[in-house]
């Protein structure tokens, strides 16, 4: 068993079968939705190469995305749009996206492992600081959320706003985008 499965193993041994990892992306971006994913992996599955999405190359994330989509018991993605983010704040929007992801799962999870947050659902859960680097389930959710949001940046959002180069910087705060917005 790898170190990334220590939390999952602990709860599998307590008879929790459907453990969902939850993570979000887009919290630090100037553009677009905050996107969260919930991923339930089969008991005992060890995915080689899975890690915090920020530590992986785009090519590796895409490869792992396909593997996770193929191997997972259930996956759901939740979105909160920019207008809602502006209205309720980014922290609340991230929590709402996580809640939507959990509620969208085709299988009710027994337990949640959440990256440094609490999800407002009546399901036992553990918030893990740097969870995307310490739990395989959270890392898998991190990858699903990141690839999903990046594809939006490279697709429909880039097509709608080509002058901002969203496909390249993914909505992150860069001097070039800030200057374009201010002038």
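Residue numbering: from 1, along the chain as shown.
Cβ coordinates are placed from backbone N, Cα and C, and glycine is handled just like the others.
TrEMBL: automatically predicted annotations, no manual curation.
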Practice task
Return the residue out of 86, 110, 115 that TrEMBL annotates for the same divalent metal cation site as 23, 24.
Solution key: 115
Handout entry: Those binding-site residues listed as 23, 115, and which of them has the most Cβ atoms within 10 Å of its own Cβ
Key = 23
Problem - residue 23 (divalent metal cation binding site) - helix vs strand vs coil (DSSP) - result: strand
